[in-house]
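Here is what TrEMBL records for this protein:
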type     : residues                                                                 : note
BINDING  : B:Asp10, B:Ser11, B:Tyr42, B:Gly43, B:Asn74, B:Thr75, B:Thr184, B:His185 : substrate binding site
ACT_SITE : B:Cys73                                                                  : active site, proton donor/acceptor
ACT_SITE : B:Cys183                                                                 : active site, proton donor/acceptor
2 protein chains.
Amino acid sequence: MNRYPIGIFDSGVGGTSIWKEIQKLLPNEDTIYLADSKNAPYGEKSAAQILQLSIKNTEFLLAKGCKIIVVACNTATTNAIDELRRNFKVPFIGIEPAIKPAALQSSSKTVGILATKGTLSSHLFHSTSENHAKGIRIIERDGFGLVPLIEEGKIESEEIRNLLQIYLKPMLEEGIDYLVLGCTHYPYLIPVLKELLPETVKIIDSGEAVARQTMSVLMANNLQKNSEEIGICTFYSNAEIEVLQSLLGGTDANMIVSFLDF
Amino acid sequence: MNRYPIGIFDSGVGGTSIWKEIQKLLPNEDTIYLADSKNAPYGEKSAAQILQLSIKNTEFLLAKGCKIIVVACNTATTNAIDELRRNFKVPFIGIEPAIKPAALQSSSKTVGILATKGTLSSHLFHSTSENHAKGIRIIERDGFGLVPLIEEGKIESEEIRNLLQIYLKPMLEEGIDYLVLGCTHYPYLIPVLKELLPETVKIIDSGEAVARQTMSVLMANNLQKNSEEIGICTFYSNAEIEVLQSLLGGTDANMIVSFLDF
């Protein structure tokens, strides 16, 4: 199994923020990234629809021989990962909002979280908040409309800026000192967020922690690639591939980006 | 597999410091702890001997149906875990000295590490130090003689105190502000260490991180026990069981401690 790739899927291009961290930590591993952009955003869909799409994505990656699956989408993790683990034999890595580190480090005991509706309303999100953020006020905001704009590549647009201003306002009024990004699309908004937030507010996402967790699970299962040779990274999208390419910041000889109608 | 126990082994009673953290985080899981006290300390043995004993311990735990093995011994981890992962199918969790968090947090850029000879001389230890502690001075000390005394239950003895004073002296002269405990036996020395160290020196061990990693690998592999019922914890030792019992701080209805000649 060790030579086989790491599979990563997301409801679109956002999960590439997770892929980047995995590739940085494990540059020798082959990866296959699946962007289900045609069905983005998952955050507005029902739990049953999200599960159905997650199973389809997993089957696609397993058919390509993936040895582990990273569900690089908070909404798919919260709504489908338990069922995926019950139905398929490979290990699954999920994404959870980094509420715990934010809660531990917050001085104002007030933490903001920006995530999709599908994540905020999930059982997993509520139990995480209750267990890891006792005594902390959590100001939730549903980032409605952000994912579709990111999927269109409008990362630094006026529309994004206006939506973010609306979503951040109540958080700033409540005095947050940490903003948790609870959707893998949102790290691409960090440059704009930094302009809109005072310097005292720190931004946390889950990318690095997920990469470390992937490494640890590969090692525990003896699934890590033994060769030091740099890995091949393949990307499939069922929408136009220009936005994907631009978020990847260009491609090199070890990267293949293809359109595929799935 | 989910109903099966977590297997934990150590070259003696020290790994119970890891067991305690696992039991705190995952109280519903059944655990089987194997104390190979007859062969302690592993730290003075050859790599081949350590590997042979680790394979024997693993086979014992697998025969009891364990779904995951925690190698709760730094020396066995550094010398045998790669080979164990190649030979057995279950996931393995190892213990590495917490050099990285100490290096990240040290203000004096000087970190002490107390570990066995077998750990300090290993390849894994050297690559961890080089990768995670760039620009940090690491003052290593081989804690020769400590493990046998702990195995005899002489935790607060004059002998332990004298040895620790000798081992800590060069570290304090170099101005360490973090002391990394690189052997699972050593957390039992924390009360004495706190008396001997100035308040400015913080002590770090790996227990909590290992417990979190165990949870994460169980989840990724869908191996976590689904019932909320409190787990049964079984302990086997091939030496007299009094020290084991006393380090556990007494036993309750869910804990069974037995002598077994293996």
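From the backbone N, Cα and C atoms, a Cβ is placed for every residue, glycine too.
Positions of TrEMBL features highlighted on the structure.
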residue  : record                             : DSSP class
B:Asp10  : substrate binding site             : strand
B:Tyr42  : substrate binding site             : helix
B:Cys73  : active site, proton donor/acceptor : coil
B:Cys183 : active site, proton donor/acceptor : coil
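Residue annotation for substrate gives B:Asp10, B:Ser11, B:Tyr42, B:Gly43, B:Asn74, B:Thr75, B:Thr184, B:His185. The furthest Cα pair among them is separated by 12 Å. Taking Cβ-Cβ distances under 8 Å and a sequence gap of 6 or more within the same chain, the neighbours of B:Asp10 (substrate binding site) are B:Thr16, B:Ile18, B:Tyr33, B:Leu34, B:Ala35, B:Asp36, B:Ala72, B:Cys73, B:Ala76, B:Thr184. Using the Cβ center of B:Asp10, B:Ser11, B:Tyr42, B:Gly43, B:Asn74, B:Thr75, B:Thr184, B:His185 for substrate, the list of other same-chain residues with Cβ within 8 Å runs, in sequence order, B:Gly12, B:Gly14, B:Gly15, B:Ala40, B:Pro41, B:Cys73, B:Ala76, B:Thr116, B:Gly118, B:Thr119, B:Val147, B:Cys183. When the CA atoms are compared, the binding-site residues lying within 10 A of B:Cys183 (active site, proton donor/acceptor) are B:Asn74, B:Thr75, out of the candidates B:Tyr42, B:Asn74, B:Thr75.
B:Thr75 (substrate binding site) counts 32 other C-beta atoms within 10 Å of its own C-beta, drawing on all protein chains shown. Long-range Cβ contacts of B:Gly43 (substrate binding site) within its own chain (separation 6+, distance under 8 Å): B:Ser11, B:Thr75, B:Ala115, B:Thr116, B:Lys117, B:Gly118, B:Thr119, B:Asp142, B:Val147, B:Cys183. Taking a C-beta cut-off of under 8 angstroms and a sequence separation of 6 or more, B:His185 (substrate binding site) has the following same-chain neighbours: B:Gly12, B:Val13, B:Gly14, B:Ser17, B:Leu146, B:Val147, B:Ile150, B:Glu151. The Cβ of B:Tyr42 (substrate binding site) lies under 8 Å from the Cβ of B:Ser11, B:Gln49, B:Ile50, B:Leu53, B:Cys73, B:Thr75, B:Ala76, B:Asn79, B:Thr116, B:Gly118, each of these being in the same chain and 6 or more residues away along the sequence.
Taking the active-site residues B:Cys73, B:Cys183 in turn, the residue surrounded by the fewest other Cβ atoms inside 10 Å of its Cβ turns out to be B:Cys183. Residues within less than 8 Å, Cβ to Cβ, of B:Asn74 (substrate binding site) and separated from it by at least 6 positions along the same chain comprise B:Ile95, B:Glu96, B:Pro97, B:Ala115, B:Thr116, B:Thr119, B:Gly182, B:Cys183, B:Thr184. Counting every protein chain shown, 31 other Cβ atoms lie within 10 Å of the Cβ of B:Thr184 (substrate binding site).
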